[in-house]
Ligand SMILES: Nc1ncnc2c1ncn2[C@@H]1O[C@H](COP(=O)(O)OP(=O)(O)O)[C@@H](O)[C@H]1O
Ligand SMILES: [Mg+2]
């Protein structure tokens with residue numbers, strides 16, 4: 001509980017971090033202000049002024065890509081031309097009548113709150129002249145996990161690499177859940193890769209808070225192949241377990257290099273789950289028959305035994321298979337939590353996860369060459385990494401501190 | 001990383017928590033900045049007027065601007081209006097509470113002389129429905145309000161989000177209050193597990209809570225049922241404070257959500273709250289003795305302050321003299337509004353029309369996919385049926 005009186009003691013940090021207050025002191029009351037473009041703004045008020053100041057910190061360079069609701073640009077800090085940021089400009093849609101879109105609001109809301117090495121960092125938000133929202137994100141130049149998985153010609157990777165990627169994914173998801181945020185769209189395509197090889201959970205357009213268990217939620221989330229059975233049965237109350245299922249699907253896909261449960265419709269998706277894992281029944285999932293769209297299937301497929309999973313996924317070892325199976329438990333209440341996921345014995349067993357800078361990367365070379373600069377910046381962490389080889393340590397949850405794996 | 005640390009990473013703490021002094025200073029600066037803008041703008045419009053009409057108004061009086069107190073009264077009044085609207089429309093508590101905090105946050109750096117709270121209020125409520133998973137189409141929302149178009153509601157939205165500095169997450173004390181009340185019930189039923197390091201046992205706590213002094217300080221021995229009743233009364237009263245006083249005062253700017261709900265409990269039933277605090281702090285050094293520790297005393301005095309703030313008269317609706325006063329302020333505002341910022345719908349159009357950069361067909365595809373996405377969000381609260389039209 002955040003009740004400590006220390007939260008209230010005037011801290012220098014806070015006085016300066018309440019930028020509006022600090023800013024006001026230095027803001028002369030001018031009649032006109034000239035912004036960088038030389039355009040004269042008549043009587044910009046405080047918030048407009050703050051906004052302009054943020055906007056003027058950055059320079060856009062070139063277009064990087066186009067998403068469903070945004071255009072993404074490469075940019076840099078004006079005061080540091082070597083810096084790199086991604087500027088995600090949310091499109092204003094003339095036909096969209098409900099004001100700022102819910103996806104944009106969600107993405108901004110959660111990225112403002114979540115700060116973790118495995119969640120894409122948002123440095124700033126500002127609005128352009130034409131009221132476009134611009135999110136200044138950390139630049140993640142190495143594409144996404146989907147690209148790596150699909151490039152089976154160009155990129156080879158093994159268990160140690162999968163372990164490193166999955167640990168990073170697990171930590172990012174754990175941090176979301178620790179903050180009562182469900183991501184609700186975890187898939188390889190939304191896992192972006194930083195210059196140093198780190199995995200970053202991105203795209204929070206479907207995220208929501210699940211602090212209040214009484215709220216009914218929509219089942220219509222998560223891309224089908226990664227959607228857990230409770231959502232396919234249209235459950236209205238659910239929790240972190242939905243993301244954990246998706247994590248399991250990503251894990252399986254990393255091993256197989258093709259999507260594990262690629263249903264062609266919602267019905268087919270359930271069918272694929274029954275085939276691969278087993279049919280949900282009251283025995284293996286008490287209460288399932290009360291879910292809205294539950295239909296008792298004609299032919300009940302028994303739960304698949306560990307042997308059959310070992311056959312498919314055995315390359316990651318018995319421990320890895322055990323962990324994978326625990327993410328793909330039909331009953332969401334018995335599925336592992338993100339925290340338990342990170343506490344699994346697999347992480348500390350051989351092989352050790354690949355060091356981030358040695359992970360395979362787009363173009364087929366490891367990130368090592370490029371990483372020299374990063375290492376310098378990260379100072380002390382280098383020594384920790386060296387230690388990790390000798391001593392099998394427990395997985396660090398990585399909340400804004402060092403990376404132990 | 002404990003809950004305190006997590007809270008410190010929130011935007012509510014980083015951007016929207018102030019010392020009392022910083023808060024006063026900020027409001028004073030915002031007021032004086034806005035006042036000088038208003039005077040300039042009114043002068044400009046008079047100059048233009050005299051050019052075209054070539055006559056009259058030589059000796060124009062200096063504009064009489066709102067004071068900080070007047071601004072706060074006015075904003076406070078529109079906050080109560082927003083709450084009434086949300087109650088009437090049966091919006092969830094979180095929508096109401098978030099909308100009010102949006103207004104309060106917005107008017108820390110903006111003056112009602114620049115943007116009238118009447119214009120901002122509906123926009124704040126609408127934004128809160130989107131933020132708190134109670135998304136309603138704008139057409140439907142506008143229908144609920146007489147003489148209001150979708151444009152009226154959406155035009156200020158952008159200014160609002162800018163004033164909020166693009167932080168949308170508001171942390172409320174409701175869930176923690178429920179948690180605390182649950183713990184109190186466990187204490188009285190003998191199923192509460194004291195914090196790690198405490199020397200109290202479950203049984204100590206059970207016996208202790210039944211002996212908590214009454215309101216007036218009279219010693220008491222309650223039966224478990226009487227105790228449960230008492231907890232329930234305290235729960236209701238504290239809940240009431242959280243949906244009124246906590247929202248309308250500066251509590252959110254000055255205290256953490258946990259401090260706020262505990263203060264509400266303190267205001268509702270002081271001996272019970274003190275007992276609770278003593279128990280939950282009993283795992284901290286020096287916590288497990290009969291006398292309160294120094295941390296506990298410091299915390300108690302802080303909670304007293306917060307409780308005092310939330311139960312002060314300013315947290316209730318206005319009485320007759322206050323209503324008169326509000327009318328006076330509103331009239332005064334009529335003469336000191338910034339004339340360049342009144343037509344928000346027009347301003348908004350002008351900006352939007354200047355922004356036809358994107359290619360058309362590209363837009364269509366994008367739109368389709370996004371609308372699909374937003375439909376999922378919308379569907380989330382269609383579940384509540386459509387109780388919104390009245
Ligand atoms: N932080 C980033 N760093 C580098 N490229 C990015 C970044 N974010 C997005 N991109 C590029 O822009 C494209 C679209 O971004 P995305 O976030 O997927 O938008 P949307 O949420 O609308 O789908 C991505 O496929 C990627 O190529
Ligand atoms: Mg995307």
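Backbone N, Cα and C define each Cβ position, glycine as well.
Heads up, TrEMBL stuff is auto-annotated, nobody curated it.
Taken straight from TrEMBL:
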type: ACT_SITE; residues: A:185; note: active site, proton acceptor
type: BINDING; residues: A:64, A:65, A:66, A:67, A:68, A:69, A:70, A:71, A:72, A:88, A:89; note: ATP binding site
type: COMPBIAS; residues: A:1-10; note: compositional bias 'Polar residues'
type: COMPBIAS; residues: A:367-399; note: compositional bias 'Basic and acidic residues'
type: DOMAIN; residues: A:58-347; note: domain 'Protein kinase'
type: REGION; residues: A:1-22; note: region 'Disordered'
type: REGION; residues: A:351-405; note: region 'Disordered'
Nonlocal neighbours by CB distance (under 8 Å) for residue A:70 (ATP binding site), same chain, sequence gap 6 or more: A:88, A:89, A:90, A:91, A:135
By Cα-Cα distance, the member of binding-site residues A:64, A:66, A:68, A:72 nearest residue A:185 (active site, proton acceptor): A:68
Cβ under 8 Å to chain B, applied to binding-site residues A:64, A:68, A:70, A:89: A:68
Residue among recorded positions A:66, A:185 with least C-beta crowding, 10 angstrom cut-off: A:66
Residue A:89 (ATP binding site): tally of other CB atoms within 10 A of its CB: 18
Secondary structure of residue A:68 (ATP binding site) (DSSP, helix/strand/coil): coil
CB contacts for residue A:68 (ATP binding site) [other CB atoms within 10 A, all chains]: 16
A:64, A:65, A:66, A:67, A:68, A:69, A:70, A:71, A:72, A:88, A:89 excluded, remaining Cβ within 8 Å of their centroid (ATP): A:91
DSSP three-state assignment (helix, strand or coil) for the residue listed as 'active site, proton acceptor': coil
Annotated ATP contacts A:64, A:65, A:66, A:67, A:68, A:69, A:70, A:71, A:72, A:88, A:89, maximal Cα-Cα distance (Å, integer): 14
